[in-house]
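Student: Mind having a look at this structure? Questions to follow.
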Amino acid sequence: MGTASFAAAGGEMAGTSSRESDERLLLGRGERAEVGVPSTDPTPGHGWREWLKHSWRARPRGPALGIVVRHAKHAFYQAVVLEVERGTPFLLSPVLLAIGAFTYFRLSFEPDLLVTIAVAAAVGAAALLTPRGRLPHYTAVATLLVVLGVLLGKVEALRAGTAMLGGEVTTRITGRVIGIDAFSEKRVRLTLDVLTTERPKLRYAPGRVRVTGRSVPTDVHAGDVVSGLVRLRPPPGPVRPDSYDFSFESYFDGIGASGFFLSRPERMTSSSAGILGRLSYFIENARNAIAARIRDRIGGAQGEIAAALMVGVRAGIPEEISESLRRTGLYHIISISGLHMALVAGAVIGSMRALLALFPGFASRWPVRKVAAVAGLAAIAFYLLISGGEVAAQRSFIMLAIMLTAVLFDRAALTMRNLALSALVVLALTPHEVVGPSFQMSFAATAALVAAYAFWNERRSKSAGRTPKRIGFAGRISRRAAMLIAGLVLTSLIAGLATAPYGVYHFQRVAPLSLAANLFAMPIVSAVVVPAGVAAAIFMPFGIEGPCLDLMGFGISAMLGVATWFSERSPIDVVGMISGLSVILFTLSLTAVAIATTWLRLVSVPLALAGLFTLDATPVPDVLVSEDAKLIGLVTQEGVLAVNLPRPNAFTVQNWQRALRADSVVKPRRLDAALLAGRTGVGDEVAKADAAIHDTADVPGLAAIEVGFSCAGTVCAARHPAGSNVVFTSDAEEGRRACSYAGIIVLTDATTPLHCAEHSVLVITARELARKGSAAVYLGRANPANGSAASDAGPLRPHVEYAVSTSSRPWHAHRVFSREARGLTPRPPKARTNVAAARRIGASSQSATETSP
């Protein structure tokens, strides 16, 4: 979306189709590849109509099926020859590299570095020894790129080497502030480089932590040293299998723990940092100062969004505003990415060219187009610096920098080749991004838009020789307006379709009114908000940015009005889980249509259809269990999620609701003595469960009370619609009693193992969850792992899948050191007068930390 906006804003990055074709031909070797196809026959790669016409006229002898097969094979070979000559293999190189990196991060074991290097060397030697232009050579090169992707992932994991906290601990920490996020006036999150820990002194202390507090000294700035009592916890894992892994992101972000202050942090005196450290602290303090000036001038949610757009500070945006933007597909506006980089570059380039046009002497002697491109490059470099340099912004900067550099060398900017170069650079620097939604959605949208632009440019060049019809001034204005609206519609539609599979897979939601909302909001952002922000940044050093910020605030208010209007009318946007196989098929389809230049792009059609047919190939879990063994969720009936805690973690429950397509949540009902005494008639297995709990023969059936969990004493129980009883308890003895009637038992006691004689009973303990992460349980149907089904001989044992398949991966290795994973009781926090308040802070900080990417 960003590249298309850049083309519309600046108009300088658009190249002709002939230049783009010349660039792609430069990637070939200059001669036709040897594929063993006679060159005297017509070239069917130019189109299926020519191939069909030639096939009909030739009418060679032999069976009809054999004729079709031979012609199809010939057409395929000729199309491959054209693709090779046009440089398509180079465009496939980042795709193969990404496949290798993705494979590394999804492996269930940690590959050895020396073995990976040896495999890469062997495959590389095979690529050098095989004849060039032959199939074995291309196969070896493709395999080498995949292995190099695995190697890049391994090297990055070793390079990160983040020390992760093993378990929860209370300690006094002294650290240097490197980042300040003000969620509100009463809650601030500090990112600290740990200097020392005391009482207790941690033997394996994390190098960097994020800590939230309600009361932080107002004179604390980046670079200062603070000290205080904190409660730290390891980065959490996925809230369910195949969901976003916070520990994975924390590992590559260098964050080893998160937590909250139990006491007011104190500002300490310390020696100054090095030159690079002082520079980074200066930039961070400048960002916060600019954000404060923006908030003071604009105020409210508009000021928070303006601060997010200009300096990347998003912590203070109200959650209801963020949710409104998500429901309407406008959340990308407040996250600095390719859109913002492109708009900033386009505004600067357009303004620079208009300014230099006022000086005809200079414009006639110097390449104004290149001077403007250099100004645009400097502008986005400064924007990257002042916005905090997040990974998404870095990736977008690399894309735009390569495209602007192409302009300096008189090359077309908006080409698939430049996008491939950008992807290669990003994969070489941060290969772990390939598994995240940001990378996938960014490159999918950009590739789709570049391919669409190339197709439109090709069609326009073909009609360039035609004599245009004479139209009047009003007709020209109407035509340009219609083209502008059509461009906005197509841009939003193409980008939305390209990113939809990834958004649904990662977030289980879509924005039904995204197209209409973007159609109304993007002109406001492109024509008012971003230009006003650029002007404000230019005038801010002189203290005259006020009118520009006022105009920016007006534009943001209009954009929020659009978002609110469409959000209130948006239908349900939760679509549930989809299979990873369908996302892979959609990715291959997009790759084919974006990279291929011959009829081979038609391969994308069956791939897309296969992706549609496999959307629901992944079974939906019946029961979900959190990694701390405290929260259980199950769908009792359509659209109802039952949980066993009266105050469950909001983020976890919301994620489960989206995955299971549950509209409402039913909290547990506690059975008191009066209720139990007033009911009679034990009639089913769940009633026997209560009878065993209370040692009473006259206990009501839980199914007769209400849908969901019912709790008594240390036990909560519920019946799944499939007929299995789910029991949650903190007492191992009660768990043993539940073996006679339960289908699933979740035991929060990590110190005592629990085994049931009945093979059909699944027992999940806190110790297993501490090691393997959250769990998904599948009841009464075929086993997703081996396809087994229930039989008349007895009930099928529930199948469980854990979020963490192994603890051998570097970002999960810390899990085995927690007290629960070692079969020990959790260490209670130290008693302090403000512990209760700190716990409230911790709950809110966890909700703020565990946000969707």
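Every residue, even glycine, has its Cβ placed from backbone N, Cα and C.
So TrEMBL lists these for the protein:
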- 843-853: compositional bias 'Polar residues' (COMPBIAS)
- 114-260: domain 'DUF4131' (DOMAIN)
- 309-599: domain 'ComEC/Rec2-related protein' (DOMAIN)
- 1-25: region 'Disordered' (REGION)
- 823-853: region 'Disordered' (REGION)
- 112-129: transmembrane segment (TRANSMEM)
- 135-155: transmembrane segment (TRANSMEM)
- 330-356: transmembrane segment (TRANSMEM)
- 368-385: transmembrane segment (TRANSMEM)
- 397-414: transmembrane segment (TRANSMEM)
- 434-456: transmembrane segment (TRANSMEM)
- 477-500: transmembrane segment (TRANSMEM)
- 520-542: transmembrane segment (TRANSMEM)
- 578-600: transmembrane segment (TRANSMEM)
Student: Could you give the residue numbers and ranges of same-chain residues that sit at least 6 residues beyond the transmembrane segment (578-600) on either side and whose C-beta is under 8 angstroms from one of its C-beta atoms?
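Tutor: Same-chain contacts beyond the ends: 24, 45-48, 75-76, 79-80, 82-83, 86, 88, 91-92, 95, 242, 416, 440, 444, 447-448, 450-451, 498, 501-502, 504-505, 508, 607-608, 610-612, 614-618.
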Student: If we skip the immediate neighbours and take only residues 6+ beyond the ends of the transmembrane segment (135-155), which ones have a Cβ under 8 Å from one of its Cβ atoms?
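Tutor: Residues packing against the transmembrane segment (135-155) from afar: 35, 89, 92-93, 96-105, 111, 113, 116-117, 119-120, 123-124, 126-127, 427-428, 431-432.
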Student: At least three Cβ pairs under 8 Å linking the transmembrane segment (520-542) and the transmembrane segment (397-414), pairs spaced 6 or more in sequence?
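Tutor: No, since the transmembrane segment (520-542) and the transmembrane segment (397-414) share fewer than 3 Cβ pairs closer than 8 Å, they do not count as touching.
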Student: Could you pull out which residues elsewhere in the chain have a CB under 8 Å from any CB of the transmembrane segment (368-385), counting only those six or more residues past its ends?
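Tutor: Here the qualifying positions are 10, 12, 283, 336, 340-341, 344-346, 348-350, 352-353, 356-357, 362, 393-394, 397, 400-401, 404-405, 407-408, 534.
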Student: Any residues 6+ beyond the ends of the transmembrane segment (330-356) with a Cβ under 8 Å from its own?
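Tutor: Distant contacts of the transmembrane segment (330-356): 1-3, 5-6, 8-12, 305, 308-309, 312, 314, 317, 322, 362-363, 368-369, 371-373, 375-377, 379-380, 383-384, 387, 390, 392-393, 395-397, 399-400, 404, 438, 442, 446, 514, 517-518, 521, 525-526, 530-531, 534, 559, 562-563.
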